[in-house]
């Protein structure tokens, strides 16, 4: 346990951070590193050697025998590592602690990049991991993890390269806008992200007995427990002692890695919890979230828990998401999404707000795709997560500001209201907007919050969002660049009004869960893309390809490869679920069902031989219900088997994914209905796997 007095010194103690670099690197090297981070694309060879030598020294001093890239996240969305030893043999048969400069900054050759690239490409393709300086090296499990980006042999981006490129492109255009508006001291604009990570904890022994959780991350069968989340007593409730101990250890491990974990609490569903960090620059936040999820699972294992990060591990209760708080900030400290005291006169705020509105409206299908997956599609559109229809909530105050913009009038602020209630001890003002949990993209004071994010993968898909915003800012720049002074002020008002009129259909402050909104959205022409296959044609549209290739974020080949990979991953996920479900029904559930029916039948026969009249009414009723469910289950199982076989023979990616979504998933839902009916009647002692009641309500 970290003592409170040592917390500040322990924070980042496993990181080769700026403080350490300043202490250990020669002054000229340290300055060169910072220059590279801020402006230059490459580090000089001599500087790279010095950095590598210092990394070697860190590894030696901290007894790290291996080094590896820090969990690069290739196209599967999963962590990838390749560990190499610092040890090198010498001519006299001994070994030396060797600097590995080429393995970090000059390129680390990886075998089989095609495993992450696409099965449609050359299977012998190799890949490289090249060093980057925007991230710090750190120590994990006895290895020194060195910051890299992963690319294929041909230079195609496979992980964070596209995010870094998009951030650079957005910054360039945003800086141009800020200087046009008179902010000459702005040299860089970054996006920031704070990701609220939801997760479930269950007993590890229960987890090991569930094939579906082990193989797919979610339960494929399971009758609901007698109690769910209807009492609303878990959200922000008192954290149970053993869970609190887990959270405490998790905080300490994250703090040592320099991850600013801040908030922890119980979530809505039983056994569901949340961890939230302080916001960071987008690329750092994405990497830290990837690392956080890995650490969460490892710490859970030490506490005899299993940490479930799937978006919908349990039917009938809320699933998990990643609530991403996203903003735009200058290097001079200006939050461009902060309305300030007078939002109607805050021109930078209005310009970037309008750019966001235009980007969300124009590229809604791509935003929907960024949160689409086989797991997350179970959650979106239900009364627990934002709908699949992309809209923006701006709150009451900003709605009035936008009305003034549209009318060409000055906005008159109503003033902040005071919070008052009986026995009030302090006076404070209300926020300028409430939170709307039914909106997929909600303004929350000085940022946008997106509740639709995946809980199981990091936020690496922010690259497209950055480019959508970059395109809209560039459009405004083109319209305004010829003006200055008072003419510029008037032209800004004109352009803002023009942009708002073109895109205001995407604004919606109401309840996104209602059928009325679905009807209204259709009238407005907003797309309702219910699953990943519905989104994919938009990804390879001419408009999308032009957006990403124009600034080198993706090549056309990279776009099409992602198209194939996303569809392939979607189909494979559902295919594995189908096979796992069939196995659990045939072996695990059927075994318990038959054993119980056999014992129940014997009991009925024995009682009828001893008793007169209408005895065994209860037992007969249960037996008949089991027999009926069993018969329907058999039919549904056969249909799922046949339809899965048909899907296995399909070759076209979109057609296959669409078939899995429309047919195989529907078969699984039908089969589950009868399986859950049967399970609800079978005593727990007959089942070889734990029930919902055991898993969700056993933590202490």
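Backbone N, Cα and C atoms are what each Cβ position is placed from, and that goes for glycine too.
What Swiss-Prot lists as Mg(2+) 1 binding site is 196, 323, 472. Neighbours of residue 196 (Mg(2+) 1 binding site), defined as other CB atoms within 10 A of its CB across all chains, total 21.
Cβ environment of residue 267 (Mg(2+) 2 binding site): 198, 234, 235, 273, 274, 318, 320 lie under 8 Å away, each six or more residues apart in the same chain. Here Swiss-Prot flags 198, 267, 274 as Mg(2+) 2 binding site.
The Cβ of residue 319 (L-glutamate binding site) lies under 8 Å from the Cβ of 269, 310, 311, 312, 313, 378, 379, 384, 385, 455, each of which sits 6+ residues away along the same chain. In the three-state DSSP scheme, residue 319 (L-glutamate binding site) falls into the coil class. Residues or ranges marked as L-glutamate binding site by Swiss-Prot: 318, 319, 435.
Feature annotation from Swiss-Prot assigns ATP binding site to 327, 435; the stated evidence is similarity to another entry. In this view, residue 327 (ATP binding site) is surrounded by 22 other Cβ atoms within 10 Å of its Cβ, with every protein chain counted.
Model confidence over the domain 'GS beta-grasp' (65-155) stands at 63, taken as the mean pLDDT rounded to a whole number. For 65-155, the entry in Swiss-Prot reads domain 'GS beta-grasp', with the evidence type sequence analysis.
The domain 'GS catalytic' annotation in Swiss-Prot covers 159-589.
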Across all chains shown, how many C-beta atoms besides its own are within 10 angstroms of the C-beta of residue 472 (Mg(2+) 1 binding site)?
25
What Cα-Cα separation, expressed in whole Å, is found between residue 327 (ATP binding site) and residue 196 (Mg(2+) 1 binding site)?
15
In the three-state scheme derived from DSSP, which category covers residue 472 (Mg(2+) 1 binding site)?
helix
Which residues, same chain and not among 198, 267, 274, have a CB within 8 angstroms of the centroid of the CB atoms at the recorded Mg(2+) 2 site?
196, 197, 199, 265, 266, 268, 272, 273, 275, 320
